[in-house]
Amino acid sequence: MKNSEAQEDVSISQGIRMMFYMMKPNETSFQTLEEVPDYVKKATPFFISLMLLELVVSWICKGKPPGHLDDALTSISAGVLSRLPSLFFRSIELTTYIYIWENYRLFNLPWDSPWTWYLTFLGIDFGYYWFHRMAHEVNIMWAGHQTHHSSEDYNLSTALRQSVLQIYTSWIFYSPLALFIPPSVYAVHLQFNLLYQFWIHTEVITNLGPLELILNTPSHHRVHHGRNRYCIDKNYAGVLIIWDRIFGTFEAENEKIVYGLTHPINTFEPIKVQFHHLFYIWTTFWATPGFFNKFSIILKGPGWGPGKPRLGLSEEIPEVTGKEVPFSSSASQLLKIYTVVQFAVMLAFYEETFANTAALSQATLLLRVCFIILTLTSIGFLLDQRPKAALMETLRCLVFLMLYRFGHLKPLVPSLSFAFEIFFSICIAFWGVRSMKQLTSSPWK
Ligand SMILES: [Zn+2]
Ligand SMILES: [Zn+2]
(Lines of atoms letter the chains of each structure in order from A and count residues from 1; the text may use other names and numbers.)
(Lines give C-alpha, C1' and ligand atoms only; values in the text may rest on other atoms or scores of the structure.)
(Ligands and ions follow the chains in the order given, each with its own letter.)
Protein backbone atom coordinates (compact mmCIF):
# COMPACT_ATOMS: atom_id res chain seq x y z
CA MET A 1 0.00 0.00 0.00
CA LYS A 2 1.04 3.57 -0.49
CA ASN A 3 3.31 5.46 1.83
CA SER A 4 1.24 7.85 3.90
CA GLU A 5 2.80 10.96 2.36
CA ALA A 6 1.90 9.91 -1.18
CA GLN A 7 -1.78 9.22 -0.56
CA GLU A 8 -4.49 11.53 -1.72
CA ASP A 9 -7.22 12.33 0.79
CA VAL A 10 -10.46 10.43 1.11
CA SER A 11 -13.41 12.81 0.70
CA ILE A 12 -16.08 12.98 3.42
CA SER A 13 -18.55 11.23 1.11
CA GLN A 14 -16.04 8.45 0.36
CA GLY A 15 -15.10 8.22 4.04
CA ILE A 16 -18.70 7.67 5.10
CA ARG A 17 -19.34 5.21 2.28
CA MET A 18 -16.18 3.20 2.99
CA MET A 19 -17.40 2.60 6.57
CA PHE A 20 -20.46 0.83 5.08
CA TYR A 21 -18.80 -0.97 2.11
CA MET A 22 -20.62 1.34 -0.31
CA MET A 23 -17.63 2.22 -2.49
CA LYS A 24 -17.90 1.64 -6.22
CA PRO A 25 -15.53 -0.64 -8.18
CA ASN A 26 -14.37 2.18 -10.47
CA GLU A 27 -13.19 4.36 -7.56
CA THR A 28 -11.47 1.55 -5.64
CA SER A 29 -9.68 -0.46 -8.34
CA PHE A 30 -5.91 -0.13 -8.58
CA GLN A 31 -3.34 -1.76 -10.84
CA THR A 32 -0.59 -2.10 -8.24
CA LEU A 33 -0.51 -2.73 -4.52
CA GLU A 34 1.49 0.48 -4.02
CA GLU A 35 -1.45 2.54 -5.28
CA VAL A 36 -3.95 1.09 -2.79
CA PRO A 37 -4.75 3.67 -0.08
CA ASP A 38 -4.46 2.78 3.59
CA TYR A 39 -8.22 3.12 4.13
CA VAL A 40 -8.03 1.86 7.72
CA LYS A 41 -5.61 4.65 8.64
CA LYS A 42 -7.84 7.21 6.94
CA ALA A 43 -10.83 5.92 8.91
CA THR A 44 -9.70 7.39 12.27
CA PRO A 45 -11.78 10.61 12.03
CA PHE A 46 -14.82 8.53 11.02
CA PHE A 47 -14.30 6.14 13.94
CA ILE A 48 -14.21 9.13 16.32
CA SER A 49 -17.19 10.93 14.70
CA LEU A 50 -19.39 7.81 14.76
CA MET A 51 -18.45 7.08 18.39
CA LEU A 52 -19.42 10.65 19.35
CA LEU A 53 -22.68 10.30 17.40
CA GLU A 54 -23.42 7.01 19.22
CA LEU A 55 -22.77 8.77 22.56
CA VAL A 56 -25.23 11.56 21.72
CA VAL A 57 -27.92 9.18 20.38
CA SER A 58 -27.56 6.94 23.43
CA TRP A 59 -27.91 9.93 25.80
CA ILE A 60 -31.02 11.13 23.95
CA CYS A 61 -32.70 7.71 23.58
CA LYS A 62 -31.63 5.93 26.76
CA GLY A 63 -30.49 8.76 29.03
CA LYS A 64 -27.08 7.13 29.55
CA PRO A 65 -23.79 6.60 27.68
CA PRO A 66 -23.45 3.44 25.57
CA GLY A 67 -20.83 1.95 27.91
CA HIS A 68 -18.13 2.58 30.49
CA LEU A 69 -15.08 4.78 30.14
CA ASP A 70 -12.62 2.16 31.51
CA ASP A 71 -13.95 -0.47 29.09
CA ALA A 72 -13.76 1.92 26.12
CA LEU A 73 -10.17 2.94 26.97
CA THR A 74 -9.21 -0.76 27.13
CA SER A 75 -10.86 -1.41 23.76
CA ILE A 76 -9.07 1.49 22.07
CA SER A 77 -5.81 0.35 23.75
CA ALA A 78 -6.23 -3.06 22.11
CA GLY A 79 -6.84 -1.34 18.76
CA VAL A 80 -3.64 0.70 19.18
CA LEU A 81 -1.56 -2.36 20.17
CA SER A 82 -2.86 -4.41 17.25
CA ARG A 83 -1.68 -1.77 14.74
CA LEU A 84 1.85 -1.27 16.16
CA PRO A 85 3.54 -4.18 14.27
CA SER A 86 2.51 -2.54 10.96
CA LEU A 87 4.97 0.30 11.73
CA PHE A 88 7.80 -2.18 11.14
CA PHE A 89 6.51 -4.94 8.86
CA ARG A 90 4.12 -5.40 5.97
CA SER A 91 1.28 -7.49 7.39
CA ILE A 92 1.56 -11.28 7.13
CA GLU A 93 -1.86 -11.26 5.40
CA LEU A 94 -0.27 -9.36 2.50
CA THR A 95 3.20 -10.95 2.54
CA THR A 96 1.92 -14.52 2.26
CA TYR A 97 -0.68 -13.50 -0.31
CA ILE A 98 1.92 -11.85 -2.56
CA TYR A 99 4.21 -14.90 -2.24
CA ILE A 100 1.45 -17.28 -3.38
CA TRP A 101 0.37 -14.90 -6.18
CA GLU A 102 3.91 -14.54 -7.52
CA ASN A 103 4.77 -18.24 -7.36
CA TYR A 104 1.59 -20.29 -7.71
CA ARG A 105 -1.19 -18.28 -9.40
CA LEU A 106 -3.38 -20.20 -11.84
CA PHE A 107 -5.14 -17.24 -13.56
CA ASN A 108 -4.64 -13.51 -13.67
CA LEU A 109 -8.09 -11.96 -13.35
CA PRO A 110 -8.22 -8.37 -14.71
CA TRP A 111 -7.67 -5.89 -11.85
CA ASP A 112 -10.00 -3.30 -13.43
CA SER A 113 -13.04 -5.51 -14.07
CA PRO A 114 -16.10 -4.97 -11.82
CA TRP A 115 -16.54 -8.79 -11.93
CA THR A 116 -13.17 -9.25 -10.24
CA TRP A 117 -14.18 -6.62 -7.67
CA TYR A 118 -17.47 -8.35 -6.78
CA LEU A 119 -15.89 -11.82 -6.81
CA THR A 120 -13.22 -10.59 -4.37
CA PHE A 121 -15.90 -9.07 -2.14
CA LEU A 122 -17.58 -12.49 -1.93
CA GLY A 123 -14.29 -14.40 -1.63
CA ILE A 124 -12.98 -12.30 1.27
CA ASP A 125 -16.31 -12.44 3.09
CA PHE A 126 -16.48 -16.24 2.65
CA GLY A 127 -12.86 -16.55 3.86
CA TYR A 128 -13.71 -14.32 6.84
CA TYR A 129 -16.67 -16.51 7.81
CA TRP A 130 -14.47 -19.63 7.99
CA PHE A 131 -11.60 -17.84 9.67
CA HIS A 132 -13.99 -16.44 12.28
CA ARG A 133 -15.68 -19.78 12.83
CA MET A 134 -12.34 -21.53 13.31
CA ALA A 135 -11.22 -18.69 15.62
CA HIS A 136 -14.05 -19.80 17.94
CA GLU A 137 -13.70 -23.55 17.40
CA VAL A 138 -9.89 -24.00 17.59
CA ASN A 139 -8.41 -23.12 20.97
CA ILE A 140 -5.07 -21.75 19.74
CA MET A 141 -6.90 -19.42 17.32
CA TRP A 142 -9.32 -18.43 20.07
CA ALA A 143 -6.26 -17.29 22.08
CA GLY A 144 -6.04 -14.39 19.61
CA HIS A 145 -9.69 -13.75 18.88
CA GLN A 146 -10.88 -13.80 22.52
CA THR A 147 -9.47 -10.27 22.91
CA HIS A 148 -12.27 -8.94 20.72
CA HIS A 149 -14.88 -10.64 22.92
CA SER A 150 -13.48 -9.54 26.29
CA SER A 151 -15.50 -6.30 26.48
CA GLU A 152 -18.57 -6.54 28.71
CA ASP A 153 -20.06 -3.49 26.99
CA TYR A 154 -21.27 -3.42 23.41
CA ASN A 155 -20.64 -0.18 21.58
CA LEU A 156 -18.56 1.18 18.72
CA SER A 157 -15.39 1.21 20.83
CA THR A 158 -15.77 -2.58 21.20
CA ALA A 159 -15.14 -2.86 17.44
CA LEU A 160 -11.67 -1.42 18.00
CA ARG A 161 -10.81 -4.11 20.60
CA GLN A 162 -8.63 -6.01 18.14
CA SER A 163 -6.15 -8.82 18.69
CA VAL A 164 -2.40 -8.59 18.08
CA LEU A 165 -2.22 -12.35 17.38
CA GLN A 166 -5.25 -12.90 15.12
CA ILE A 167 -3.52 -11.90 11.90
CA TYR A 168 -1.06 -14.82 12.23
CA THR A 169 -3.83 -17.32 11.49
CA SER A 170 -6.38 -15.35 9.45
CA TRP A 171 -4.13 -15.18 6.33
CA ILE A 172 -4.52 -18.94 5.79
CA PHE A 173 -8.23 -18.53 4.99
CA TYR A 174 -7.65 -15.84 2.35
CA SER A 175 -4.66 -17.48 0.64
CA PRO A 176 -6.70 -19.55 -1.93
CA LEU A 177 -7.78 -16.21 -3.45
CA ALA A 178 -4.11 -15.58 -4.33
CA LEU A 179 -4.39 -18.27 -7.01
CA PHE A 180 -6.42 -15.92 -9.22
CA ILE A 181 -7.13 -12.48 -7.65
CA PRO A 182 -4.50 -9.71 -7.95
CA PRO A 183 -3.04 -8.49 -4.59
CA SER A 184 -4.20 -4.89 -5.23
CA VAL A 185 -7.87 -5.98 -5.39
CA TYR A 186 -7.43 -8.23 -2.35
CA ALA A 187 -5.83 -5.39 -0.31
CA VAL A 188 -8.82 -3.11 -0.98
CA HIS A 189 -11.46 -5.63 0.11
CA LEU A 190 -9.52 -6.85 3.13
CA GLN A 191 -9.76 -3.30 4.47
CA PHE A 192 -13.41 -2.71 3.55
CA ASN A 193 -14.44 -6.02 5.13
CA LEU A 194 -12.79 -4.90 8.38
CA LEU A 195 -14.22 -1.36 8.23
CA TYR A 196 -17.77 -2.62 7.60
CA GLN A 197 -17.61 -4.48 10.90
CA PHE A 198 -17.20 -1.22 12.85
CA TRP A 199 -20.76 0.16 12.68
CA ILE A 200 -22.45 -3.12 13.62
CA HIS A 201 -21.03 -2.87 17.18
CA THR A 202 -23.85 -0.79 18.60
CA GLU A 203 -27.03 -1.10 20.63
CA VAL A 204 -28.55 2.14 19.31
CA ILE A 205 -29.65 0.47 16.04
CA THR A 206 -32.30 -2.10 16.84
CA ASN A 207 -33.66 -3.79 13.69
CA LEU A 208 -33.12 -3.06 10.01
CA GLY A 209 -36.08 -4.95 8.53
CA PRO A 210 -35.42 -6.82 5.27
CA LEU A 211 -31.69 -5.99 5.41
CA GLU A 212 -31.46 -8.44 8.34
CA LEU A 213 -32.01 -11.28 5.84
CA ILE A 214 -28.84 -10.62 3.86
CA LEU A 215 -26.50 -8.38 5.81
CA ASN A 216 -24.67 -8.79 9.08
CA THR A 217 -26.35 -6.14 11.24
CA PRO A 218 -25.98 -4.78 14.80
CA SER A 219 -28.73 -7.18 15.90
CA HIS A 220 -26.99 -10.27 14.45
CA HIS A 221 -23.58 -9.25 15.77
CA ARG A 222 -24.97 -8.56 19.27
CA VAL A 223 -25.88 -12.24 19.36
CA HIS A 224 -22.31 -13.10 18.37
CA HIS A 225 -20.94 -11.09 21.34
CA GLY A 226 -23.37 -12.60 23.85
CA ARG A 227 -22.41 -15.06 26.58
CA ASN A 228 -25.95 -16.39 26.98
CA ARG A 229 -25.99 -20.08 26.04
CA TYR A 230 -28.13 -19.43 22.94
CA CYS A 231 -25.51 -16.97 21.62
CA ILE A 232 -22.42 -19.20 21.86
CA ASP A 233 -20.79 -20.05 18.49
CA LYS A 234 -23.40 -18.18 16.42
CA ASN A 235 -23.35 -15.50 13.69
CA TYR A 236 -19.76 -15.57 12.44
CA ALA A 237 -20.49 -13.37 9.41
CA GLY A 238 -18.38 -10.41 8.36
CA VAL A 239 -20.63 -8.57 5.88
CA LEU A 240 -23.16 -11.12 4.58
CA ILE A 241 -25.20 -13.08 7.14
CA ILE A 242 -26.07 -15.57 4.38
CA TRP A 243 -22.99 -17.69 5.26
CA ASP A 244 -24.42 -18.38 8.73
CA ARG A 245 -27.81 -19.18 7.22
CA ILE A 246 -26.18 -21.59 4.73
CA PHE A 247 -23.83 -23.33 7.18
CA GLY A 248 -26.27 -23.60 10.09
CA THR A 249 -24.73 -21.14 12.57
CA PHE A 250 -27.40 -18.42 12.40
CA GLU A 251 -29.31 -17.33 15.49
CA ALA A 252 -31.73 -14.40 15.73
CA GLU A 253 -31.63 -11.99 18.67
CA ASN A 254 -34.32 -12.72 21.26
CA GLU A 255 -33.73 -12.69 25.03
CA LYS A 256 -31.62 -9.95 26.69
CA ILE A 257 -27.97 -10.37 25.84
CA VAL A 258 -25.14 -10.31 28.40
CA TYR A 259 -21.88 -9.46 26.65
CA GLY A 260 -18.33 -10.69 27.06
CA LEU A 261 -16.42 -13.89 27.74
CA THR A 262 -18.19 -16.76 29.50
CA HIS A 263 -15.47 -16.40 32.16
CA PRO A 264 -14.78 -12.63 32.36
CA ILE A 265 -11.12 -11.66 32.83
CA ASN A 266 -11.89 -8.68 35.11
CA THR A 267 -8.89 -6.56 34.16
CA PHE A 268 -8.09 -3.44 32.13
CA GLU A 269 -4.45 -4.36 31.57
CA PRO A 270 -3.90 -4.42 27.80
CA ILE A 271 -1.20 -7.12 27.84
CA LYS A 272 -3.44 -9.48 29.83
CA VAL A 273 -6.38 -8.66 27.54
CA GLN A 274 -4.23 -9.74 24.59
CA PHE A 275 -2.35 -12.75 25.91
CA HIS A 276 -4.05 -14.23 29.00
CA HIS A 277 -5.60 -17.14 27.09
CA LEU A 278 -2.20 -18.21 25.72
CA PHE A 279 -1.00 -18.67 29.31
CA TYR A 280 -4.18 -20.58 30.10
CA ILE A 281 -3.54 -22.94 27.16
CA TRP A 282 0.09 -23.38 28.28
CA THR A 283 -0.89 -24.42 31.83
CA THR A 284 -3.78 -26.63 30.64
CA PHE A 285 -1.49 -28.27 28.06
CA TRP A 286 0.97 -29.40 30.75
CA ALA A 287 -1.74 -30.29 33.26
CA THR A 288 -3.61 -32.57 30.81
CA PRO A 289 -2.36 -36.18 30.69
CA GLY A 290 -1.78 -38.03 27.39
CA PHE A 291 -0.10 -37.05 24.11
CA PHE A 292 -3.31 -36.83 22.02
CA ASN A 293 -5.18 -35.01 24.78
CA LYS A 294 -2.44 -32.37 24.90
CA PHE A 295 -2.80 -31.69 21.18
CA SER A 296 -6.57 -31.70 21.47
CA ILE A 297 -6.19 -28.88 24.03
CA ILE A 298 -4.56 -26.80 21.28
CA LEU A 299 -6.70 -27.82 18.31
CA LYS A 300 -10.19 -28.51 19.69
CA GLY A 301 -12.62 -25.95 21.08
CA PRO A 302 -11.83 -23.72 24.08
CA GLY A 303 -14.41 -25.68 26.14
CA TRP A 304 -12.98 -29.11 25.29
CA GLY A 305 -11.59 -31.49 27.92
CA PRO A 306 -10.87 -35.25 27.90
CA GLY A 307 -14.07 -37.23 27.31
CA LYS A 308 -16.05 -34.21 26.05
CA PRO A 309 -17.28 -33.45 22.49
CA ARG A 310 -15.00 -31.33 20.24
CA LEU A 311 -16.65 -28.03 21.19
CA GLY A 312 -17.22 -28.85 24.87
CA LEU A 313 -20.51 -29.17 26.72
CA SER A 314 -23.06 -26.34 26.50
CA GLU A 315 -24.27 -27.12 30.05
CA GLU A 316 -20.81 -26.11 31.32
CA ILE A 317 -21.31 -22.56 30.02
CA PRO A 318 -22.35 -20.46 33.03
CA GLU A 319 -26.04 -19.46 32.90
CA VAL A 320 -26.72 -15.73 32.76
CA THR A 321 -29.44 -13.98 34.75
CA GLY A 322 -29.48 -10.65 32.87
CA LYS A 323 -28.48 -8.89 36.09
CA GLU A 324 -24.72 -9.30 35.61
CA VAL A 325 -22.77 -6.13 36.35
CA PRO A 326 -19.78 -5.44 34.05
CA PHE A 327 -16.40 -5.29 35.78
CA SER A 328 -15.53 -1.66 36.47
CA SER A 329 -12.58 0.24 37.84
CA SER A 330 -12.67 1.36 41.46
CA ALA A 331 -10.43 4.34 40.59
CA SER A 332 -11.74 7.78 41.58
CA GLN A 333 -13.38 10.02 38.96
CA LEU A 334 -10.35 12.33 39.13
CA LEU A 335 -7.97 9.45 38.42
CA LYS A 336 -10.15 8.34 35.49
CA ILE A 337 -10.01 11.87 34.04
CA TYR A 338 -6.22 11.78 34.47
CA THR A 339 -6.03 8.48 32.52
CA VAL A 340 -8.15 9.98 29.73
CA VAL A 341 -5.81 13.00 29.46
CA GLN A 342 -2.72 10.77 29.34
CA PHE A 343 -4.43 8.45 26.86
CA ALA A 344 -5.27 11.42 24.60
CA VAL A 345 -1.64 12.65 24.70
CA MET A 346 -0.43 9.15 23.77
CA LEU A 347 -3.03 8.92 20.98
CA ALA A 348 -1.84 12.18 19.46
CA PHE A 349 1.76 10.86 19.36
CA TYR A 350 0.48 7.55 17.98
CA GLU A 351 -1.32 9.31 15.11
CA GLU A 352 1.69 11.51 14.42
CA THR A 353 3.94 8.43 14.35
CA PHE A 354 1.74 6.69 11.76
CA ALA A 355 1.51 9.86 9.68
CA ASN A 356 5.31 10.31 9.53
CA THR A 357 6.63 6.74 9.69
CA ALA A 358 8.85 7.13 6.63
CA ALA A 359 10.57 10.22 8.06
CA LEU A 360 11.44 8.64 11.43
CA SER A 361 14.58 6.63 12.19
CA GLN A 362 14.16 3.01 13.29
CA ALA A 363 15.51 3.96 16.75
CA THR A 364 12.93 6.76 17.20
CA LEU A 365 10.18 4.45 15.94
CA LEU A 366 11.18 1.74 18.40
CA LEU A 367 11.40 4.18 21.31
CA ARG A 368 7.97 5.62 20.46
CA VAL A 369 6.44 2.13 20.30
CA CYS A 370 7.97 1.32 23.72
CA PHE A 371 6.52 4.58 25.09
CA ILE A 372 3.05 3.74 23.69
CA ILE A 373 3.11 0.21 25.19
CA LEU A 374 4.36 1.58 28.52
CA THR A 375 1.57 4.20 28.55
CA LEU A 376 -1.16 1.65 27.81
CA THR A 377 0.19 -0.70 30.47
CA SER A 378 0.46 2.06 33.06
CA ILE A 379 -3.10 3.23 32.39
CA GLY A 380 -4.24 -0.39 32.78
CA PHE A 381 -2.37 -0.60 36.12
CA LEU A 382 -4.00 2.66 37.31
CA LEU A 383 -7.50 1.51 36.33
CA ASP A 384 -6.91 -1.89 37.95
CA GLN A 385 -5.50 -0.12 41.05
CA ARG A 386 -2.46 -2.38 40.99
CA PRO A 387 0.02 -2.05 43.90
CA LYS A 388 2.88 -0.86 41.61
CA ALA A 389 0.71 1.53 39.55
CA ALA A 390 2.16 4.73 41.08
CA LEU A 391 5.73 3.53 40.57
CA MET A 392 5.05 2.58 36.97
CA GLU A 393 3.39 5.93 36.25
CA THR A 394 6.37 7.80 37.76
CA LEU A 395 8.73 5.86 35.49
CA ARG A 396 6.48 6.38 32.46
CA CYS A 397 6.36 10.15 32.94
CA LEU A 398 10.16 10.15 33.36
CA VAL A 399 10.54 8.18 30.13
CA PHE A 400 8.25 10.69 28.40
CA LEU A 401 10.35 13.67 29.53
CA MET A 402 13.59 11.97 28.40
CA LEU A 403 12.19 11.13 24.95
CA TYR A 404 10.78 14.65 24.64
CA ARG A 405 14.07 16.27 25.66
CA PHE A 406 16.12 14.15 23.23
CA GLY A 407 13.78 14.86 20.31
CA HIS A 408 12.27 11.36 19.94
CA LEU A 409 8.81 12.81 20.67
CA LYS A 410 8.21 16.09 18.86
CA PRO A 411 6.08 18.76 20.58
CA LEU A 412 2.55 18.55 19.17
CA VAL A 413 2.04 22.29 19.63
CA PRO A 414 5.51 23.90 19.67
CA SER A 415 4.31 26.96 21.58
CA LEU A 416 3.06 24.68 24.38
CA SER A 417 6.29 22.71 24.56
CA PHE A 418 7.36 24.27 27.88
CA ALA A 419 3.89 23.78 29.41
CA PHE A 420 4.09 20.11 28.43
CA GLU A 421 7.38 19.70 30.27
CA ILE A 422 5.98 21.44 33.37
CA PHE A 423 2.89 19.22 33.31
CA PHE A 424 4.91 16.02 33.11
CA SER A 425 7.32 17.25 35.80
CA ILE A 426 4.34 17.79 38.13
CA CYS A 427 3.12 14.28 37.28
CA ILE A 428 6.53 12.82 38.15
CA ALA A 429 6.54 14.66 41.49
CA PHE A 430 2.96 13.60 42.29
CA TRP A 431 3.35 9.93 41.40
CA GLY A 432 6.86 9.84 42.86
CA VAL A 433 5.51 10.91 46.27
CA ARG A 434 2.69 8.34 46.02
CA SER A 435 5.05 5.52 45.15
CA MET A 436 7.38 6.49 48.02
CA LYS A 437 4.39 6.38 50.37
CA GLN A 438 3.45 2.97 49.00
CA LEU A 439 6.95 1.63 49.45
CA THR A 440 6.78 2.59 53.11
CA SER A 441 3.20 1.37 53.70
CA SER A 442 1.63 -1.57 51.87
CA PRO A 443 -1.98 -0.94 50.71
CA TRP A 444 -2.74 1.13 47.57
CA LYS A 445 -5.01 4.07 48.20
ZN1 LIG B 1 -15.99 -13.69 17.29
ZN1 LIG C 1 -17.44 -7.98 17.06
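Positions of Cβ are set from backbone N, Cα and C atoms, glycine also.
Distant neighbours of the transmembrane segment (115-131): 21, 25, 28-29, 109, 169-170, 172-174, 176-177, 181-182, 185-186, 188-190, 192-193, 236-240, 243-244, 247; these residues of the same chain sit at least 6 beyond its ends, with a Cβ under 8 Å from one of its Cβ atoms. Feature annotation from TrEMBL assigns transmembrane segment to 115-131 (among others).
Taken from TrEMBL, the feature domain 'Fatty acid hydroxylase' covers 118-249.
If you average pLDDT over the domain 'Alkylglycerol monooxygenase C-terminal' (335-422) in this model, you get 93. TrEMBL lists 335-422 with the feature domain 'Alkylglycerol monooxygenase C-terminal'.
Look at TrEMBL and you will find 365-383 (among others) tagged as transmembrane segment. Only residues 6 or more beyond the boundaries of the transmembrane segment (365-383), in the same chain, are considered here, and those with a CB under 8 A from a CB of the stretch are 70, 73-74, 77, 80-81, 84, 87-88, 267-272, 329, 331, 335-336, 338-339, 342-343, 346, 349-350, 353, 357, 389, 392-393, 395-396, 399-400, 403, 408-409.
Per TrEMBL, transmembrane segment is recorded for 412-433 (among others).
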Under DSSP, the domain 'Fatty acid hydroxylase' (118-249) has how many residues in helix, strand and coil?
86 helix, 3 strand, 43 coil
